[in-house]
Amino acid sequence: MSDPAVEVTPAVPVASPAKAKKEKKPKSDKPKKPKAPRTHPPVSEMVVNAVKTLKERGGSSLQAIKKFLVAQYKVDVDKLAPFIKKYLKSAVEKGQLLQTKGKGASGSFKLPAAAKKEKVVKKPTKAAAEKKPKKAAAKPKKAGEKKVKKTIAKKPKAAAATKIKKPVAKTTKKPAAAKPAAKKAAPKPKAAPKPKAAKTETKPKRAAAPKAKKPAAEKKPKAAKKPAAKKA
């Protein structure tokens, strides 16, 4: 009898644990060095500030800009030299800087007139905007003061008008001036009795008060008796 054929499966190679660990480790797990913080502003800002402060008529050269950066920001200019040149070229192309001499980054550079005017105009607009609310706040105070002054000024005027009216009424009521006129007029006209009668008629009209009538009536008969005795 023949033996049955037995199938033999090939053995699968099992990965060793040491190799699996090596494959899992990524290369990016290495600790990265922390970047040192910047001790100076960006190159573009430093260069523009250098050109502003130097204010050279013919423009500031690359060497003058470097000296300013060293003195002002204490920067290693040798390391920043390529960045400075790159910014100068791009600033000239964009119109942020004017190149008065040379070509590329080897010439002299100056700020354009338009940039200067914009900066000069912007400053007064801010100052004017701050001053406007102050004026608006001061106006209502002035108006309030004027109103108070007007009301105070009107009151004394009314009081003065009332004071003036009172003495006028007193002068009309006093008939003291009529009494001495009657005494003087009685003895003078001795010869003519007619004018005496006319004066007696005018006297009661002038005297409005009842007090003036009594003394005038008593004096009239005395003056009339004296001329009658002389004629007889």
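Cβ coordinates are placed from backbone N, Cα and C, and glycine is handled just like the others.
Residues or ranges marked as compositional bias 'Low complexity' in Swiss-Prot: 1-18.
According to Swiss-Prot, the compositional bias 'Basic residues' annotation covers 132-141 (among others).
The compositional bias 'Basic residues' feature in Swiss-Prot is assigned to 147-173 (among others).
Residues annotated as compositional bias 'Basic residues' in Swiss-Prot: 181-197 (among others).
What Swiss-Prot records for 205-214 (among others) is compositional bias 'Basic residues'.
Annotated compositional bias 'Basic residues' per Swiss-Prot: 222-232 (among others), in sequence order.
DSSP assignment over the domain 'H15' (39-113) gives 43 helix, 9 strand, 23 coil. Positions annotated as domain 'H15' by Swiss-Prot, on the basis of sequence analysis: 39-113.
Sequence annotations record features per position, and here Swiss-Prot assigns region 'Disordered' to 1-44 (among others).
Taken from Swiss-Prot, the feature region 'Disordered' covers 99-232 (among others).
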Across the domain 'H15' (39-113), average pLDDT on the 0 to 100 scale: 90
